[in-house]
Amino acid sequence: MAGGVDGPIGIPFPDHSSDILSGLNEQRTQGLLCDVVILVEGREFPTHRSVLAACSQYFKKLFTSGAVVDQQNVYEIDFVSAEALTALMDFAYTATLTVSTANVGDILSAARLLEIPAVSHVCADLLDRQILAADAGADAGQLDLVDQIDQRNLLRAKEYLEFFQSNPMNSLPPAAAAAAASFPWSAFGASDDDLDATKEAVAAAVAAVAAGDCNGLDFYGPGPPAERPPTGDGDEGDSNPGLWPERDEDAPTGGLFPPPVAPPAATQNGHYGRGGEEEAASLSEAAPEPGDSPGFLSGAAEGEDGDGPDVDGLAASTLLQQMMSSVGRAGAAAGDSDEESRADDKGVMDYYLKYFSGAHDGDVYPAWSQKVEKKIRAKAFQKCPICEKVIQGAGKLPRHIRTHTGEKPYECNICKVRFTRQDKLKVHMRKHTGEKPYLCQQCGAAFAHNYDLKNHMRVHTGLRPYQCDSCCKTFVRSDHLHRHLKKDGCNGVPSRRGRKPRVRGGAPDPSPGATATPGAPAQPSSPDARRNGQEKHFKDEDEDEDVASPDGLGRLNVAGAGGGGDSGGGPGAATDGNFTAGLA
């Protein structure tokens with residue numbers, strides 16, 4: 001081959017994924033680079049968030065919920081057993097599930113609670129088929145107790161997840177935070193009275209937030225000024241100007257968490273992106289315009305013009321806090337007839353929706369959420385601006401437009417023939433390289449195109465899928481049927497005897513209707529019969545057959561040899577030409 005094909009080449013490594021998983025499992029067993037600890041029944045399970053989130057939908061929602069999910073490093077759960085969690089951890093890191101009759105029930109329950117469908121389906125199948133049978137001696141009372149435990153564990157799992165999804169303690173005033181802190185979720189297995197007290201504390205915290213007692217800036221503790229993230233004015237050390245709000249010295253203090261040290265690539269929602277000045281510039285451009293922002297709480301900072309607050313520099317947690325306050329005011333004033341106030345609240349909600357669904361998507365949402373968007377894009381419909389034809393599939397519209405413009409961007413390096421599609425060029429290159437990748441498994445014949453192999457296989461199978469609706473004649477290939485209908489013409493009379501092999505160099509077989517007189521010259525054929533015979537002479541062997549005359553008393557036989565003139569009569573004079581059998 002004279003030259004290589006332009007463009008990137010994808011080289012797969014089949015063992016890469018298993019090697020990566022093996023390396024992660026080695027890190028887990030040695031306690032290296034683990035960023036979260038799961039505490040169950042007093043046992044600690046150091047692990048990686050990303051691995052658990054990739055296997056379990058429950059852990060994915062747990063690790064991505066709340067404003068400070070990155071600061072939560074220990075999760076204590078009591079709705080699964082330590083033995084079941086050990087088996088699920090091994091499955092996540094080794095792609096192998098180890099079950100026994102003793103623990104298959106616990107593993108099934110844990111897999112359902114943690115939303116691991118692959119494991120739950122396998123365990124359920126093992127129990128249904130009695131491959132791993134449960135305890136057959138269990139009575140009805142024990143089964144009811146197991147069901148009650150499962151229902152209780154399901155309720156606890158939901159409440160545990162809802163707590164971190166709402167995460168009210170992260171934005172409480174100091175008094176409410178102190179009250180709620182006395183009921184940590186680390187004591188999740190406490191009595192029902194403790195759980196009720198925790199719910200009351202959470203409800204009081206939400207009520208305080210809705211009443212506007214929290215301005216959203218208490219999320220960060222006071223801390224020394226040196227520990228605060230720089231709010232710089234464009235200095236070199238300020239890698240993210242405008243991302244952190246300037247703290248008012250008179251603002252309330254005593255937040256739950258110490259002020260985080262600003263990372264080089266911290267984004268407005270607390271996650272980490274590319275970092276640097278380019279990231280800050282992109283975030284500043286993507287944020288909504290200050291003029292579009294509505295009025296906020298009295299605790300918000302005023303803008304430069306004094307007409308409205310400047311919220312573009314606030315963190316996402318602060319904006320979310322203010323949105324919750326606006327929702328609380330909207331609920332309190334539901335019976336108010338002042339349309340102007342309701343319009344202001346609607347403007348607040350519109351602004352927040354615009355902010356959180358803005359151009360931050362590429363940095364906020366992880367790759368797993370973009371897969372769904374990619375699938376939707378692949379099924380999208382696009383209309384051609386030239387012929388208005390609807391094209392299904394993303395990326396196919398430019399290829400269709402080339403049929404209008406005549407553009408052929410793909411050129412053969414050898415013969416300089418150009419093509420509109422790259423796959424057509426790839427097939428064309430087989431003419432130069434002699435490559436025939438399609439091999440017949442029965443006779444070993446090789447072909448350059450898959451459709452040639454498909455047609456060849458019908459020689460072995462005897463399949464003739466294309467049939468004429470008028471004469472019921474069948475064909476191996478569709479182009480043969482089209483030629484039969486267009487070029488040859490179909491008389492609509494079905495054949496009585498079916499197919500007949502081509503006669504090569506000999507006299508045609510005598511038919512019952514033939515009345516040629518021995519020794520007499522053959523009657524010259526009519527022009528129509530001569531033309532029909534010449535066309536049939538060049539037809540493929542599998543397409544030749546006798547065509548009955550309309551009255552069924554005579555037949556037209558076509559002999560081989562290429563002569564076009566008439567020959568002498570007699571029994572042995574049928575070596576050249578076309579002969580017409582006489583009609584009785």
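Heads up, the Cβ atoms here are built off N, Cα and C, so glycines get one too.
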Which range of 318-340, 341-363, 410-432 is zinc finger, per Swiss-Prot: 410-432
Per Swiss-Prot, the range holding zinc finger, considering 14-36, 152-174, 244-266, 382-404: 382-404
Which candidate, of SER293, SER549, Swiss-Prot gives the annotation phosphoserine: SER549
Among ranges 208-230, 438-460, whichever one Swiss-Prot labels zinc finger: 438-460
From the candidates SER239, SER478, SER525, the one which Swiss-Prot records as phosphoserine: SER525
From the candidates LYS408, LYS436, the one which Swiss-Prot records as SUMO2 cross-link: LYS436
Per-residue pLDDT averaged over the region 'Mediates interaction with KHDRBS1' (277-584), given as an integer: 60
Assigned conformation of LYS436 (SUMO2 cross-link) - DSSP reduced to three states: coil
